[in-house]
Structure formats: structure tokens, C-alpha cells
Amino acid sequence: MQYSFKEVFGTLVVQKELFDVVAKPLVEDLIHGKNGLLFTYGVTGSGKTHTMTGSPGDGGLLPRCLDMIFNSIGPFQAKRFVFKLDDKNGVDVQCEVDALLERQKREAMPIMKTPSAIRQIDPEFADMINVQEHCKADEVDEDNVYAVFVSYIEIYNNYIYDLLEEAPFDPIKPKWNNCNTPVRNGDFIPPQSKILREDQNHNMYVAGCTEVEVKSTEEAFEVFWRGQKKRRIANTQLNRESSRSHSVFIIKMAQAPLDADGDNVLQEKEQITLSQLSLVDLAGSERTSRTRAEGNRLREAGNINQSLMTLRTCIEVLRENQMYGINKMVPYRDSKLTHLFKNYFDGGGKVRMVVCVNPKSEDYEESLQVMRFAEMTQEVEVARPVDRPLCGLTPGRRFRNQAFREELSRKLEMRGGPINAEREEQTLSEMFLQNFPPLPLCELLDVNDDEALPKLIEVLEKRHKARQMLSQEVAKTALALKTALQEFDSSVVSKENYMQEKLSEKEKILAGQKMELERQEKKIKTLEYKVEILEKTTTIYEEEKRNLEQELESQTQKLQRQASDKRRLEARLQGVMTETTMKWEKECERRVAAKQLEMQNKLWVKDEKLKQLKAIVTEPKNDKPERPSRERDREKPVQRSVSPPPVPNAPPVRLRHRRSRSAGERWVDHKPPSNLPTETVMQPHVPHAITVAAASEKALAKCDKYMLTHQELASDGEIETKLIKGDVFKTRGGGQAVQFTEIETLKQESPTGRKRRSSPSNPDLHRDAADSEWTDVETRCSVAVEMRAGSALGPGYQHHAQPK
């Protein structure tokens, strides 16, 4: 199996490299006012807690994040209680006096909730936070003041508990033993689960959670370690210290700009930015069949797996919404874990996930599921830009204020200003006493002593002169100081005027930019309105175009159906017309042939009558033979005249085949194998014919005509051969069809009687026939008169062609 990730770390990777790639961008975003979320995800025993916390001498992601935060904002931190969190996930700013009162109030409390920075570090975790690399964030706003608050919660069996909550002894309900005496060591009230609420910005937070303001890495990690001791862990078959809950360490950073003087925090709540970084150590997914969990451990494993499954479901739904552009509801409320970080998945911050994989073969199936889910989460992008408030103050005012104070102190020190009032006063008095001459001994022992008073007068005069000189020097110094102060005031006034001019220019520029911005916003709104109108028009036109295309397509299909129906009807009418034309042509031919045959029969009958009458008339009248009696007729069978014998030296008869009307066409001669040879003189002959024993599509495709030879037994016991003819047509499906047009009948007969020839070719035969019964003229005339047209075709003639 192959999976792709943004970064893959080997088994020998150090915590510093992992922190620089994964957590450092999140800390920089936190300092710049953006939210972040960091998961550690994997199966039980894969190293999630080690990745988050670290080990002695090599801190994990959490202590390195804290160290980077305080290294970056250390000189810019506000005093305690300047920022004060409220109960609705908000923050307020207090003045220095209120913050001082709050500090004094907290110091007077017997139990301090905020740990002191002077307290010694617990040696249990001292090595974890002793990070040698002093990592700092880039571009920290030096005109802001910062405050850091931390909280620590766990999600156990889908309930949220505060790990920093102090559970005091309840004096109202004391504990009693079996002897009705109170228990000496008071028990703590079991921790109460917390509920989730939504603030005015639609961000989720834990109501009533303990949030501690910290001022250093050591102090923050001490708070974390205090809550870590309360976290629920247990011994399972897979891990000796297996986490039985999801732990969430939340770092909140409040920042606000300084005022125009750069001394105090700007007392405007709208200018406060509150960002949050959540470090989540998820409990490991595990199979109960491997951990052999029972009782509470089994219930814990079920809740852990259920919350992780809900997390997967939420990520999958977000991915589907992003890929297919749908708005499917994400089931955040199915688990407290997903419900708490709902705003992150909605785009309220950057989300990072560290997937911990154990190379053990026993964890193969679980590791595949973990990596498949982690690979899928990379395709989800939910980040959205964060708008920071604009304060409109001059940047760099903090350091300018510090530089101004330092310069003022230096100048005052150079000119004897009140830098250190006590030391300056002592120096001036010493200088004053040293400049005066010492007083002589003023004791008068004699009235006539003239030396003491003149010496005293001289010393006093010198002192008076020195005093005048000092007064003049003090006046000069005061004048010089006054002049310097006036110059400084004028420079300050000029600077203020210059700053006011610059500020007014900047305000004008800002006003112009604001007006331009408003104009652009109006223009954008107008353009958006136009775009919306154009989109609606385009939608209407597209709908009309779609309707017209559908109508055109339906009309085209209708025309195509009509055209196909028309072609089908034309083909049918053409076939009917062709069939009707052929039928009527055949019918006309048949009627003409029948009419011609009828006329020929009539002519032949008339000729026969005439010939018989002529023979009767021209016959010599000899003795009239006796007419046989009826008894003789009954006794003797009537013998008919036999056919004349063949002429002795007659030339051989030349067989002539009947020519077909379609000699130039190809025929299929279908002769079934059951037919018998007739051995007659006249045989049907079809040129260019393909003789087959059974009709086949291949043979029909090559020919235009079809003939079937059919034999059957006639009523007189002779074989009757029928030649059934037809035309071959190609069907629309690509096959062949035969339309039968006519039937020719070939019949072989045996002579059963004799008939008199109408015109005998040999006169001897006429004499031999005198003995027959046809010698009676009356009988012959009566027979000749009784013949009708079409009743008989005469002796020796037979028509074998019968039209259909």
C-alpha cells in the first residue's frame, strides 16, 4: 500500500525538526491573531503522547510551543489582570488601577489559583521545558501588549471534564463512617462534567472552564503538568499507560494596541484580538479483541472508537461537499470532540494533524485505516481569512516613547536637572559649604581686643561675596535651564505641530482612501447587482435555449419518424403497385391466351366439322353396310381405330426444346431428391441455371428467378410434374424472398382408346378403316355435330401450359 503525505518523518527524527515543520507555523499564526488546531492521531501505543509532551531532556511540541510564545512576546507582556476573560468566551481590558486592585485581592487570598513565577520549578518536568533553542516568531507587533491564558480539559466517555478545576471539601455534606463519626480526611467532590456553548461569534467553548493567566514557559507548563496528573490513563494489553480520554490543552492569547503615548493599553474592547491554539492528544483507536478489555475499559474503548469514527465521518462529509459542490450537513453534534472544534472545520482556523504509526506487524490493519483516513483529510481545505481590527495609530510609538524618556533623562542629567533629587541637593549643599571660607574663633576674652572683630568682619565680607557669586551663578544656571526648557518646549510644540500636520495629512489620505473604498464598494455592489441580473438573464436564456433545443429535437425526431413512415409507405405502395401491375399483366396475358385458345378451338371445331362433312359428301355411295344390332353392340366391345403405324422410312424426329421467355436471366433449379425421372421426350430445359436439392440463401442471392420441380400422382394414376416459377426479391432485412408467378404442368398419359384422324396422310389406312364402326355416316355426323368448342381438343392435341 502506498500513501502520500505533506511530510514524512523517520524513526530517528528529533523533536526540533518536527516542531519547525508542524507546530511553528501555528504558533506564528497565534501571535498574528489567527486560530490553530493540532492533532496527534494514531493507534494505541504509537507515540502520540510522547510526540505532544516529549521526554526529559527533549521536550515535545507543547513545551516548544510555549517556549516560542514567551520568547516572542516576553518584553511586550501586559501586567496581570490587565486583560480579564469573561464567562462568554470574550475578553475585557482593565486600567492599571483596576488591575492593581485585582492583583492585591488575589495576593490576599489564601489559595492562589495563579501560580507564582518565583516558585521553584518542579524537577519532575524541569528537563522537558529546558529548551536550548530560543525560537522566536517573525514580525511581532511591538505596539501591542499581550497576555496568555491556558486551560486543560479532557473528553472522557463523551463527557468534558476540567483538569484544572480545584474540587474543595464540601462542609455542608460531611462524610461519616460506620461509627457515626466524621471522617478526618475530607474527600473531594467528584468532578462535574462541563457543557459546550456557542458565543456571539458562533465559536464553541467550554462553559465554566478554568483559565489561568501565565507569564512564563515554566508557569504554563506547571499548569499543564498539574492537569496531566489528573488525566485518566490505564494499563491495557497494548500499552502500560494508555490514554483513556482525549486531552485538549488550549492556549489563548489576548492582544491590544497601546494608546497614542505608548504608555498604557488602549481602553477599547473592539481593538482586542483573541486567538486560540488547541493542542489535542487523541486517545488511540484500538480493537477490543486485542486489548482484551472488560468492564470500564471496554466501555471506554467503545466511546473512543465512536468519537474517532465521528471525526472521520465529519472529514468525509466536508470532503464530499468540497469536491462535488454540495451542502450536505456535517454531523458535528454526534460527538463532543467534533462539536468542540466545529468552527475549525467550518474555516475558523488552520488544522494540522500528526499521524503516529507503529511499525509493529500486529498493528498492520489499524495502521492502514489510520493512514487512509489521514491521506483523505489532506484534500479538505476549510481555511478562511481573518479580519483584524485597525487601530489607526502611528506604528513604533512604544520605542519612540522609550527613546524620548531616555533622551529627556540624559539632558536633565547633563544640565543638573532633578534626575536624583536627594543626591543633587546633597551635592549642592556640599559645594556651597566648601566655597565659603571657614569662620574664625569668635570668642572675645578682652574688651580691648581689636583683632577678632576685624577678622570676623573680613570673613563675613568674603562669605557675602561668595554668596553673591553663587547667587549669580544660580541665576545664570536657572536662566540657562529656563532657556533650555523653553527651547525644549518649542521643539516639542514644533514636533507636535509637525505630527499634527502629518496626522492631518494621514487623516486626509485615510478619508480619501475611505471615500475611494466606499466608492469602490458601491461600484462593486453595482457590478454585483449587474452580474446577478446578467446571471439571471443568462439562466433564463439558457432555460429558453434548453427548451428550444428540446423542442427542436422533438420536432426533428417527429420529422424523422414521418419521413421514415413516408418511405415505408412509399415502399409499401410501390410493392403493392408492382404486385398489382404484375398481377394485372399476368391476368391480361392469361385472358388473351384463353381468348386466343378459345378462338383456335372454335376454328378447329369448324374445320373438323367441315372436313367431316366434306368426307361424308365426297364418299362414294356403295352398298350400305348393315348396322350392327344393339345386342351385338352389347356383346362386342366397341373397338376404336388405332393410331396409324409409323411410316417405314420416315426421317428421325428432331427434338426441340421450348424456349424460355427469360433466357438471359439466372435461375435456381430446385429439384428435390425425391423426384422420379420421367424419361419423356420433352424435358424442361433452363439455361444459366443453378441446380440445387434444397433452396439456400446463397443460391438465391446469385439469381433472379426460381423454379421448383414438383411431382404428384394424378387421378388417372399417372405422374404429373409441375414447374412452379417465381421471381427472387431482396428484403429490407438483407434476406431473399420468392414471389411465385406461374405454374407449368407436364403430364404423361397412356392411350386408352382410338380416335379417327381428321386428315389421314395414307389412303390405305382409309380403306382399312372401312371395317370399323366409324363407317356409319349417320353416326359420324352425329358425333361431329355434338363436338363443342372447348369440350375436347381433338385427337393427338393437348395443351400443357396452364396459367396461374
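Here the Cβ of each residue, glycine as well, is placed from N, Cα and C on the backbone.
For 1-380, the entry in TrEMBL reads domain 'Kinesin motor'. For the domain 'Kinesin motor' (1-380), the mean pLDDT of the prediction comes to 82.
Sequence annotations record features per position, and here TrEMBL assigns ATP binding site to Gly42, Val43, Thr44, Gly45, Ser46, Gly47, Lys48, Thr49.
Summarising the annotation, TrEMBL assigns coiled coil to 503-579.
Residues or ranges marked as region 'Disordered' by TrEMBL: 615-681 (among others).
Sequence annotations record features per position, and here TrEMBL assigns compositional bias 'Basic and acidic residues' to 620-638 (among others).
Taken from TrEMBL, the feature compositional bias 'Basic and acidic residues' applies to 662-672 (among others).
Summarising the annotation, TrEMBL assigns region 'Disordered' to 747-776 (among others).
Using a 10 Å Cβ-Cβ cutoff, Thr44 (ATP binding site) registers 23 neighbours. Counting Cβ atoms from all protein chains shown, Lys48 (ATP binding site) has 24 others lying within 10 Å of its own Cβ. Local packing around the Cβ, expressed as the count of other Cβ atoms within 10 angstroms, is greatest for Gly42 among the binding-site residues Gly42, Gly45, Gly47.
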